[in-house]
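This report refers to the structure that appears directly beneath it.
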Amino acid sequence: MGRFTKNIVLYLLIIAAFVIAIDAFSGQSANKSELSYTGFIQQVQQKKVESVTITNDHGIKGKLKNGTEFNSYAPTDETLIKTLQDNGVEITAAPPEQPAWWMSLLGSAIPIIILVVLFFFIMQQTQGGGGRVMNFGKSRAKLMGEGNVKVSFKDVAGAEEAKQELEEVVEFLKDPGKFTTIGAKIPKGVLLAGPPGTGKTLLAKAVAGEAGVPFFTISGSDFVEMFVGVGASRVRDLFTQAKKNAPCIIFIDEIDAVGRQRGAGLGGGHDEREQTLNQLLVEMDGFGANEGIITIAATNRPDILDPALLRPGRFDRQVIVGRPDLRGREAILKVHARNKPLADDVDLKIIAKKTPGFTGADLSNLLNEAALLAARLNKKVITMAEVEEASEKVSMGPERRSHIVSDKDRKLTAYHESGHAIVAHLLPHADPVHKVTIIPRGAAGGYTMMLPTEEQNYKTKSQLLADIRVALGGRIAEALILDEISTGASGDLQSVTNTARAMVTRWGMSDELGPIVFGEQQEQIFLGKNLGHERNYSEEIAAKIDSEIHRIVEEAYKDVTKLLSDNEKFLHDMANALLEEETIDAKAVDNLYKYGTTKEPEAEEPKVASEADSSIVPEGVDAKKTTSTVADLSEASSNEIK
């Protein structure tokens, strides 16, 4: 129980004791005896009663002639007054009883007391505790001392450049003479920018664990709350505390909550958040000296930060913490696998190859899911099977094996996924097929997984055209074999449209329109940007853009239709294999293409194979025709858009 709550309880107990004491005191009767009504009438008839006072609740307060006072209670008796008069008793009628003064005072004070207590309670909750009700202008930053943070730079992997930048900051704080002797100045601020989950906050924790100096940590959203002026006051208080503890480090997580561009959006530019930002700008690089204070901030939206915040003198360094490459992913997996028992068949390098685009948080979640799966199966070690399943679960969602799928839907899904896989397998510029399944997972009824053979920072025009053709493979397979199309290709068609439009309007891959970017990026008001931009091209150009997009998709559709028609047996074989086995891997896809079955036939005596050797071509398919079709498609996907 907090100090504030204890005080409130104490005050309430004191008030209750006071009320009880007064009530007990006022209820005492001083030298008054109780007299029954019969006894009272007898006393009256014996002429021993001097006077009575009758109250409005039938109560009787009387006085005997010997001076004794008494109380009695009279039932409804119409002859009572006459009896009293006949016996010479002085009669007085008492007015209605008024409550005691203290009762009136207490009745008026209780609502006020309740309101005051409620106000104090709300203020205490608003400020998150701390024992002081009116401390909302104070900084809520947490001071991390030595030993409080167990994370070090050894726990950070996959972001070597960012780690090196921050290691230099820590080294300056530990040995400033090394830098000052040659005239170097430590950066006043370091901005960590990158996608979510790449390790920005982890790097800050590593700095806190390694620095050996006071480390203040606060979130950008902690500056601004419900009162005007609180944000600026908290910024001042934060830097005041930092100056007292210099040299030190201030870490502001999610700085975009307070550092967004000023003067943008609706409603003008004078609001509480902007005043907080102005105060932050002054504290970081104003007239006052902040020697020995280094500010580190993290955000995944550097594009919406105010330019004044990013200039040298405030955040001198902007460190990009991007998604890790192959080597980085392997290093991250090794860090997260330290406390997990892995079986001998687990190869972290293979896992790293199969997880392009994964962030550090994704990889940590992957190994954790693998550990949970192994525990669910009562295993003592984590095998490669659990890691593979966890990888797909993180990417696509959990399997839905209990989901009831009709035979018609299973057949449609099998041909749909076979269409994707066959086009990807036959086109040279498409990513190789890794796995095909018709088991529902997440929101998908089935999926075809393709993995690049190497890390890719860019995509060529040929690869983009191949991606369009692979995406169309599912819809075209449905139309060719089932003579029907379904809504299952909605996501594929969206991907096709987006890629084709980007090729024409963003990447300048159209010979008709040339290397020009059409249309400015639309920024949303809540991101701190302008409300929008006008289209920067004419209606004639808009018509040409639509025509080019349509032409790209139409050509791809025709090419894929021809490819799948020429390899119809391959399509049937793969669909049947999926219906039977539900999941096939890359080796099975290759065997289906060569032998018409998922398993490689037993080795026979070697023989010289001609260009159109029927032993490696599916039965019923013209080898020359198949070879020429693939070659034609390869050439088509490489040609420039005309």
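Glycine too: its Cβ is placed from the backbone N, Cα and C atoms.
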The Zn(2+) site in Swiss-Prot lists His416, His420. Which one of Asp316, Asp325, Asp492, Asp511 belongs there according to the record?
Asp492
Find the shortest Cα-Cα separation between Gly197 (ATP binding site) and the recorded positions His416, Glu417, His420, Asp492, and name the residue that gives it.
Asp492
Of all the recorded positions given, namely His416, Glu417, His420, Asp492, which is spatially nearest to Pro195 (ATP binding site) at the Cα level?
Asp492
In Å, rounded, how far does the Cα of Thr198 (ATP binding site) sit from the Cα of Asp492 (Zn(2+) binding site)?
28
Between the C-alpha atoms of Gly199 (ATP binding site) and Asp492 (Zn(2+) binding site), the distance in angstrom, to the nearest integer, is 32
In this predicted model, the topological domain 'Cytoplasmic' (1-6) has a mean pLDDT of 59
Among Gly194, Pro196, Lys200, Thr201, which are recorded as binding-site residues, the nearest neighbour of His416 (Zn(2+) binding site) by Cα
Pro196
Given the recorded positions Glu417, Asp492, the candidate whose Cβ has the fewest other Cβ atoms within 10 Å is Asp492
For His420 (Zn(2+) binding site), the one of Gly194, Pro196, Lys200, Thr201 that lies nearest, given that the binding-site residues are compared by Cα:
Pro196
So, three-state DSSP: helix, strand or coil for Gly199 (ATP binding site)?
coil
